[in-house]
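Here the structure comes first, spelled out in structure tokens, and everything after it is commentary.
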Amino acid sequence: MTLNSLPIFLVLISGIFCQYDYGPADDYGYDPFGPSTAVCAPECNCPLSYPTAMYCDNLKLKTIPIVPSGIKYLYLRNNMIEAIEENTFDNVTDLQWLILDHNHLENSKIKGRVFSKLKNLKKLHINYNNLTEAVGPLPKTLDDLQLSHNKITKVNPGALEGLVNLTVIHLQNNQLKTDSISGAFKGLNSLLYLDLSFNQLTKLPTGLPHSLLMLYFDNNQISNIPDEYFQGFKTLQYLRLSHNKLTDSGIPGNVFNITSLVELDLSFNQLKSIPTVSENLENFYLQVNKINKFPLSSFCKVVGPLTYSKITHLRLDGNNLTRADLPQEMYNCLRVAADISLE
């Protein structure tokens, strides 16, 4: 990974583990900021230390308050908001973050082009609502779209078209099927992070951008992977396919031999053998399958002073393997492995 890509990589990593850590006003049992600024909706908090942020969380609001001009960061989490009128944000053209998690929003009650009119919007989070399809149209400035834990069954063709700055999409925990998203992400050439876990996918979708760094398909119903599916993914580093229905016959020989890959999770499937992976792979999760043999060729094509597997963590617990099944020469191939779990 280059130094130039490290800052955005760290942002993505923090998004994985702290998806809802939006800022300094998270769910305090007291007011950590003191008095609000004079320019603020009376029921909300616009702290003096963060004068362009308005916090309206946990207020049982049914409608969005009037948002004063100059607000850039708007938090409306954990309310009872059901609708957004088209003119709701006409006064806040500088809005950059709009956080609407844990409300009662439905697509039919999000009116017109309410989001696309926000020409500076970068983050739109509508996790834990009642959406049945991806919202849109959206502004081209958007870089972070989170729609997880809804009831989304489709991403309409063109819904994400033109979002050239979009780097993060969360669509996990919805009701998406493969046909309803194939081609939906085409042209998103800045996309680095895509989470489609906990849906109803039976196949891998087509048209994913090759810019992806992190790709999550865990907890679906995927049984096979097309040959050369990941060909062209030159920067893919994290791939999760755990809790699916993968078998040996559904995995072409070298489909996971991706030189950029750092972490691969194939745990909780129905594999009997270990797929071939790149010698650059560092973390490999295969626990709870039906694996009964340990071919070194899955990890090392050739073993020598400078040619060996870079795997540091290998999980094989919950399979049909014991220490006695591991070949002695394994330690030449997996010489940097710090942890090999079998039990």
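Cβ coordinates come from backbone N, Cα and C, glycine included.
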Disulphide partner cysteine [Swiss-Prot] for CYS300, chosen from CYS56, CYS333: CYS333
Across the repeat 'LRR 5' (165-186), average pLDDT on the 0 to 100 scale: 97
Remote residues contacting the repeat 'LRR 3' (120-140) - C-beta distance under 8 A, at least 6 residues beyond either end: 19-20, 22, 72, 93-107, 110, 113, 146-156, 158-160, 162-165, 170-171, 184
Close approaches to the repeat 'LRR 8' (235-255) from elsewhere in its chain (Cβ under 8 angstroms; 6 or more beyond its ends): 1, 197, 210-229, 261-273, 275-276, 285
